[in-house]
Structures are given as structure tokens and as C-alpha cells.
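What follows is a set of notes on a single structure, which appears directly below.
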Amino acid sequence: MISPFLLLAIGTCFASSLVPEKEKDPKYWRDQAQQTLKNALRLQTLNTNVAKNVIMFLGDGMGVSTVTAARILKGQLHHSPGEETKLEMDKFPYVALSKTYNTNAQVPDSAGTATAYLCGVKANEGTVGVSAATQRSQCNTTQGNEVTSILRWAKDAGKSVGIVTTTRVNHATPSASYAHSADRDWYSDNEMPPEALSQGCKDIAYQLMHNIKDIEVIMGGGRKYMFPKNRTDVEYELDEKARGTRLDGLNLIDIWKSFKPKHKHSHYVWNRTDLLALDPHSVDYLLGLFEPGDMQYELNRNNATDPSLSEMVEMAIRILNKNPKGFFLLVEGGRIDHGHHEGKAKQALHEAVEMDQAIGQAGAMTSVEDTLTVVTADHSHVFTFGGYTPRGNSIFGLAPMVSDTDKKPFTAILYGNGPGYKVVGGERENVSMVDYAHNNYQAQSAVPLRHETHGGEDVAVFAKGPMAHLLHGVHEQNYIPHVMAYAACIGANRDHCASASSSGSPSPGPLLLLLALLPLGSLF
């Protein structure tokens, strides 16, 4: 057995050989730092324009360790060592931290957090679009405790609005933008208890079609929740799990169509080919449901039937951008979270790289002069990578050392808990005997669990565009939509823009200095 110290020494020598020649010259690092300093000094001139458009990218489960690992993967996919690569979100000038806890949970879930960063109030885990006065699964605690989202505020201000996700369109993140539910799992009436139905609560898919009837763009998965129970799916005709789920017999696609004005052009599509064939200039309303449940992982995506997140974002912006009053767009890279829960780090990180591609696509189609873009996560995961790996080491590769106890190697990527806890012959599995580069390889975990869990640490918030500087420190997660609304002059922040306009000011700037100087605690 090779000594772990020898392995570390070999790894260190190997790392030295991977150092790019230009990085050996101190001038390279000094010039880079000076350029970064110049860029930072230019930020002294604040962008206080009104945000005509607001785009929010939500990487579900995209904690800081996931961001870093995705950065390395992006670089390695382009044949570089990876560590020096810049994600699109890395280029944003303003970065903050968001405290993710729910009102009743130290380590949060995606529903309570979605209510925070979309509706501006913290809530209990498992609930969407309601205050903390609503208890999970208790329908009778819902009425009177509903809270509205920034999507609603934007719609009320005359803007176009859109939702794009790689999960079901009635999943936790998107549902908080339009629904009010005591339970995030009430996807259709089939998932609701009889008591909740008898008390008048509606399932989330029903609320999607009825609560805000004029959402211009809705794209993601979740077809089966829109159709009567046992209705055969258009794509997976022989798959019983893909069949319709609704007990009330409603066809929500038909209902969606019936709500649209006759003089407007509405389109429902279920595959990539039909989506890309659309002329966005002749589309007023778009509903795209590309899977019965969640959309496929990016690595598993069928190019004929499944659009990428980038493609959906491009189509959404082309449709929404026609409104002279602007738009609000929520984009979720939702399957980052699913990959981590399954212990499949490769799936999770490729999802994160694709979301970053979508961020770049949106940036190319908009301007920082009138578009506020915010990128953040709802929570993190117990995902880590380490082990003194050398520069350029495959992010999915082995660490250059072995365990002090069982003398076996380990991958750089590990989970604190999850399904990757493998015991073979009474001992930890020897990862050198398995294909740890496989797309569905489950990285080893310290504690055996069927599903890996969320993490409780703060997550990053990246921002660019009008008023992005208001995201500048450590904030409660529910602060985020208040900033977006202030920048766009919508919701509770309309009055200050009206007064600024009447006084001849072109932006919400008059209150800016006051906001910047006040301690965060005095604002909420």
C-alpha cells in the first residue's frame, strides 16, 4: 500500500507541473489585480436607474461549494484547469450573503425559502405563498394568511411576467410566485387529503391556471398534473406513472386556453421542436410543459423533445421583451437540488453549468442600464470537495491521498450524508474499483440516508443592473424581493418613484443615499 504522504507528495509535484507558464510570473497576478481594482473603482458611480426589467435566477440547492465546483467543471469542459474560470455570475459586480432559515427550521426547505425571496416574508417549511401563521398541511390555517409575490406586483404594474423552470411548474420554487398553499406537495387534487379538499383549499396546478390568469410565459415540466386521472401522456403512452393525476376531471390546458383573450395568440407546446418553431413576435401567451414530472437532467436530455434551460430562457425573453413597460422573469435551475439529493454530483454540477449558460444568454439579450439581474440559491447542500487535490484535478476525480483508517482512496467530492454510504464486505467501498466518473455515480457520504439533505449555511446573492448595490452585505433572505421591487418601482415601492418622477428625477435615486446609510435592521 502506497503511503498517504507519498501520494500527497506526488500530487504536489503533479500540481506544480500543471501551473500555466504565465502564472509563474508575478506580473500576471499584479496586472490582474490592478485591472480588478480599476473595475471596482468604476463602481463608485452607482446605477440608480429604474429597472424596466427584473430577472431572477434561482439555483435550487446551489450553495457556495456548488458554485465553486461548477466553475471548475465549466473550465474543464473547455479544456482548462478550471479553477481560474469565470462563471457568468462571477462577473456580476455586487455580491451578498442570504440567511436561509425558515421561521420554524434552522435548515430550510425550498418552499419556505421561495416564499421569502419571492413574497418578501419568511414562512414555515413546506408552505408556499403564505405567512408563518399557516401551519403545514393545515388547510384551515391558510385563509387570511396569503402573501403576494413580486410576480404579482410586476403584473399589477402592467409588466409582462414569466416562469421558467427545469422542475415541475407547480414545484416549490415556481409555486410561491402564484399560489397560496399550506403544503408544497399538493401538486394536484390527487395529492390532497379529503379534509383539505372539503375545506375549500385548491391544489397548486389549479391555482397556476386561476390565480393569475395572464402569466405570459410558463415553461417547465408537470404535464400529468394538468390532466384527468389516467389520461395517457402524449409522449410516454405506455408509462402509467406519466398519466394524468387529476381527480376532478379537469383539463387545465383547455382551461388555460379558455382564459386567453380571443384576439391574442396563445400557444401550448410539449416538445422542443414545436417550441423552437415558434415566432416569438407572434406569441402573446406560451405554456410549455415538456415532461409529465420534472424535466430531464441536462446530461440525459433528448434534443428532439426537451429544450435546454438556455433555450427556454431565450424564448421567454423574446416574448416578454415586447412589452414597453418591461417584464419580470423567474428562472429556476431546479434540478441542481435533485442531483444533490440523489448524491449524483455530476448531474447536479452539469445542471449548474447549464444555468450559468442561461444567465449568459439573458445577459446578451438585455442591458444593465435597465435590467436588474439577481442570481441566488434557496439553500445549500451538505456537498463538499477537498483532499488537497492538485491544480487541474478532475472535479470528479480522486484526492491524492488515502484514508488514515482503511487505507483506501476517496473522491474529492463527498457528501455529509446521503445514499452514497456504501459498505462492501463490512468495509467502505473501494472507489478505485468503480466508475466514479459515471453520470449517475453516487459520491460517498459519511452518514447513510435515502436522500441527501440540505445545508444550513448562508448562500450567495449575485446582482447587476439598476440598484444592484443594495445587495451588499449579509441579509435576511426575504430582503431580496424588496430590493427588486424598489429597483423596478413596483409593489410597496411605487410611491417613492412617483414622487421622484414628479420632482424631475429620472430614477428612484432620492431615497438611495438614505437606504445605503441605514442599518439593515432599521428597514424591516
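Cβ atoms are placed via backbone N, Cα and C, with glycine included.
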Residue in GLU332, GLU342, GLU351 which Swiss-Prot records at the Mg(2+) site where ASP60, THR173 also bind
GLU332
According to Swiss-Prot, ASP337, HIS341 bind Zn(2+) 2, and the residue from HIS210, HIS454, HIS469, HIS472 that belongs to that same site is HIS454
Given that Swiss-Prot annotates PHE290, GLU291, ASP306 as binding Ca(2+), state which candidate in GLU195, GLU216, GLU235, GLU369 belongs to that site as well.
GLU235
Distance check against ASP60 (Mg(2+) binding site) for the recorded positions SER110, PHE290, ASP337, keeping those with Cα within 10 Å:
SER110, ASP337
Rounded to the nearest Å - Cα separation of CYS201 (disulfide bond) and GLU235 (Ca(2+) binding site):
31
Within the same chain, and leaving aside ASP60, THR173, GLU332, name every residue whose CB is within 8 angstroms of the centroid of the CB atoms belonging to the recorded Mg(2+) site, in sequence order.
LEU58, GLY59, SER110, ALA114, THR165, THR166, THR167, HIS171, ALA172, PRO174, GLY333, GLY334, ASP337, ASP378
Nearest of the recorded positions (ASN140, GLU332, ASP337, ASN430, CYS489) to PHE290 (Ca(2+) binding site) - Cα to Cα
GLU332
Those recorded positions of ASN140, GLU291, CYS497 having Cα within 10 angstroms of ASN271 (N-linked glycosylation site):
GLU291
Quick one: give me the count of other CB atoms within 10 A of the CB of ASN271 (N-linked glycosylation site).
18
Three states by DSSP: which one describes ASP337 (Zn(2+) 2 binding site)?
helix
Look at each of the binding-site residues, ASP60, GLU291, GLU332, ASP337, ASP378, and point out the one with the fewest other Cβ atoms around it within 10 Å.
GLU291
